[in-house]
Amino acid sequence: MNNLQTQFPHIAIKLNEPLSKYTYTKTGGEADVFVMPKTIEEAQEVVAYCHQNKIPLTILGNGSNLIIKDGGIRGVILHLDLLQTIERNNTQIIAMSGAKLIDTAKFALDESLSGLEFACGIPGSIGGALHMNAGAYGGEISDVLEAATVLTQTGELKKLKRSELKAAYRFSTIAEKNYIVLDATFSLALEEKNLIQAKMDELTAAREAKQPLEYPSCGSVFKRPPGHFAGKLIQDSGLQGHIIGGAQVSLKHAGFIVNIGGATATDYMNLIAYVQKTVREKFDVELETEVKIIGEDK
C-alpha cells in the first residue's frame, strides 16, 4: 500500500499522518496513507486504484462533525480539501467538494443570491454537508441542492439530478450509497444583498449566543429525538458540565461536547456513551449520534 507514492508521483501523499490536525475536536490517531488530490481526475485515479487493489478507502472532508478513534484509520484517507472552487452560473452556484459551507454561503451573499443563509455558520465542507444533509435554523442543504457530481466506490463518475438526491433529516442518498461527492450545484434566488446580510447576521448572533464556539468540538453530537430536544434531555439529566478526561458536556449548550484540553477520542466516546446511558435510564429516550465516528480503537 505504501507504494502509492511511486504509483502516483504527481499526487500529494503522506504516510502515518496524524489526523488530529484535521478534526475540529483536535483528536484522532494516524492515517496509514493520506492522499490530497488537486483535481477530480486525481481523485478518480486513487479511488479506482483502491478498488482494484482492495485497499480500504475513507473520505475526509473538513473534519467538523467527526470523531476519529485514537487508533487511527487503516488503508487510504482521501482528503478533498484542495478541491475548493466556487463558481456562479446565473442563479446557480457550483461548489466543489472541499469548499467550506461557510465560504459558499458568503459567496452567495457577495453574488446577491439567497437560499444559503442558514449555512453561514455551519463549519463543514460541501461534501460532508451533502453526505449528512446538513442543516440549521430551519434550512437544509437538500432545500437548495439541484445536482451533484459523485464518484462511486469503483471510481465511476456519476451526475445525479435533484430527483435522484433523496434526503431526510441528517440522511441522504449519497450516504446510503457511499458516494464520494466531487461538486454540488445549488439553485438560489436573486435578493437584495442587505436583506441576505441581515438574515446572516441574525443567525450568526443566535449561533454565537447559544454555541460553545470558544472550544474545539464536533458540533451537535446527537440527532433530535422525536418529540424531544437532545440538549434539554441532557441538561435535565444533570449532565451539563460533566467531564470525562479532557471532554466536557458544554456549559453553554448541553448538546455539545467540547475539548477543554488534552481530550482524546476515547474521552469523547466514553462521555457520549455515559450521556446516552443516563438519558435512557432517566427518560427512556435513546439518543442517536449525529456525529460520525470512524477508525480503530487504540
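Cβ coordinates come from backbone N, Cα and C, glycine included.
Some features that Swiss-Prot has for this protein:
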- 27-191: domain 'FAD-binding PCMH-type' (DOMAIN)
- R170: active site (ACT_SITE)
- S220: active site, proton donor (ACT_SITE)
- E290: active site (ACT_SITE)
Local confidence of the domain 'FAD-binding PCMH-type' (27-191) - pLDDT mean: 93
The residue listed as 'active site, proton donor' and E290 (active site), distance between Cα atoms, whole Å: 7
Other CB atoms, at most 10 A from the CB of the residue listed as 'active site, proton donor': 20
Distant-in-sequence Cβ neighbours of R170 (active site), under 8 Å, six or more positions away: M132, N133, G135, K223, E290
